[in-house]
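Taken from TrEMBL as is:
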TRANSMEM  12-30  transmembrane segment
TRANSMEM  67-84  transmembrane segment
TRANSMEM  96-123  transmembrane segment
TRANSMEM  135-156  transmembrane segment
TRANSMEM  239-263  transmembrane segment
TRANSMEM  284-305  transmembrane segment
TRANSMEM  317-336  transmembrane segment
TRANSMEM  396-412  transmembrane segment
TRANSMEM  418-436  transmembrane segment
TRANSMEM  457-481  transmembrane segment
TRANSMEM  493-512  transmembrane segment
Amino acid sequence: MGGVPWKRVELAALVLYALGFYIVVIRKSLRLSHDYSGRLYGLRAGSLAGHLNDLSDAQWRNFRGNLPILTGVMAAFLILVNTLRYCYGLKGRGTALVWLILSLSYLCYLHGACVMFIILIALINYSMVKIFTHYKYCTSLIWSFNLSVLILNRVYEGYSFSLFGQNLAVLDNYRGTFRWHICFNFVVLRMISFGCDYCWTIHSSHFDHKKHMQKCQVCYSGKTCYFALQGLGVDRYTFLTYLCYLTYAPLYIAGPIVGYNAFAAQLEVPQKNYSFAQISSYGLRWILSFLLMEGMTHFFHYNAFVVSRLWQQLSPFEIFIISYGVLNFMWLKFFLIWRYFRFWSLVGGVETPENMPKCINNCHDLESFWKSWHASFNRWLVRYLYIPLGGSRRKLLSIWVIFTFVAVWHDLEWKLVSWAWLTCLFFIPEILVKSLSNKFQASSPLGMLVHREFKAIAGAVTISCLMVANLVGYVVGPSGIKVLISKMAGKEALPALAFIFTTFYVGVKLMFHIREASSSQQG
């Protein structure tokens, strides 16, 4: 009982520090946004209290601007599909056919004549899978083909029709409103999923399904596996369902990613895990989160500082505030985009993984962070790359292959490759420390206290590394990191660095208390 009051005192002190930290950060952020508003790029006329709106992020600007049209399309598609499904009892192939017709019309609007590239590549992949599935190296062939397509799409910027003859050059005038090769990154993942699932089903005697599911449960902490085999018969791997899976409108642009088997099963029997009330609540919470984003971009112009490169003129502490704000903006942006399309898919009867199941501010190690950031992609990587490469037996080697693939999948840019390799470098000490920590079981109160403090310090170091890696990959780039280091390496930066590290330490300790409270409630 003696430990309970001590933990309560610690929790109170941590909460007071956190409140003080956020008061300082909010006040400083408001001041920076106000003082530099005339020099920041990407600010537009706002709708809240006369404040300018930070729309400097192209991805968020495009999503927000097209939201009314996108919502109208979503409503029309869902009304039509669900009406046909319930009036005529459509299942399986019938549902797939309806969704395929609607999805192809959707793609024609997005990509115009370039839809032909998508269908042609999809047809080649399907034919290759069906022809070579009985061969030993079928999955290697699938991976090689899809990686080649991924790289060539980027190198040739989606190809020009004139490359295939001047008679086709006129089609370059009808390329739609959205670059097809950007969206095709997700199609590549689906083509690999279909090919591997089909090969493993054919060679089921050589693929230990039970062992795989046990690994999935470990990796996903007991959550539903959206990439399970689910007992699909060979006759379910049809070209109709395959093409519907690749082009399924709710998930086409941004995901979340779901395996072929799980998708095909839900065409036959729509998801039942979410009731109408739960889906409605999900949509309402999305609206509230969108309003939070509107408030954030009106009052805090974090991303505009990065786009304008004005962060280079700030003090070390101010750079930390902008960096912290940008990472939170990125998290909320992807949270809103992915949850929007997941909501669309849920109403359409297909449940997918939640891409952002945990807040960015509630992760103190790299492993839990990557399980909670683009989680459906993480699960896809576990099933189709991590386990085939040897799983935990070759973890130190496989992470290099996985993160390099993730970087190339996003784009052919050195800053992303730098991000990938930095993440791997930071991952290796964490893996080794966790391995040693698991062997050390503290039994005395002093030993438990030392172990807890060591974990908190290690967590603070990990968060620092995670911020650096993500800033290099998605914010400042390899060239900007030199400026960042020069700013943070001087003596005048030492007080700011001490404050930053202390803040991360306090944050990790708060995460410990949150997890302990959650465990006691579940127990």
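Note: Cβ is positioned from N, Cα and C throughout, glycine not excepted.
Taking every listed stretch (12-30, 96-123, 135-156, 284-305) in turn, the largest tally of C-beta pairs under 8 A with the transmembrane segment (239-263) is reached by 96-123. Ranked by the number of CB pairs under 8 Å to the transmembrane segment (493-512), the listed stretches 135-156, 284-305, 317-336, 396-412 are led by 317-336.
It is 317-336 that, among the stretches 96-123, 317-336, 396-412, 418-436, forms the most Cβ pairs under 8 Å with the transmembrane segment (12-30). Looking at which of 96-123, 317-336, 396-412 has the most CB pairs under 8 Å to the transmembrane segment (418-436), the answer is the stretch 396-412. If you look at the transmembrane segment (135-156), the same-chain residues 6 or more away from its ends with a CB under 8 A from one of its CBs are 121, 124-125, 128-129, 163, 181, 184-185, 188, 191-192, 195-196, 199, 388, 408-409, 411-412. Under 8 Å from some Cβ of the transmembrane segment (284-305) lie the Cβ atoms of residues 29-30, 32-33, 36-37, 40-43, 46-49, 51-57, 60, 311, 314, 322, 325-326, 328-329, 332-333, 335-336, 339-340, 343, all in the same chain and six or more residues away from its ends.
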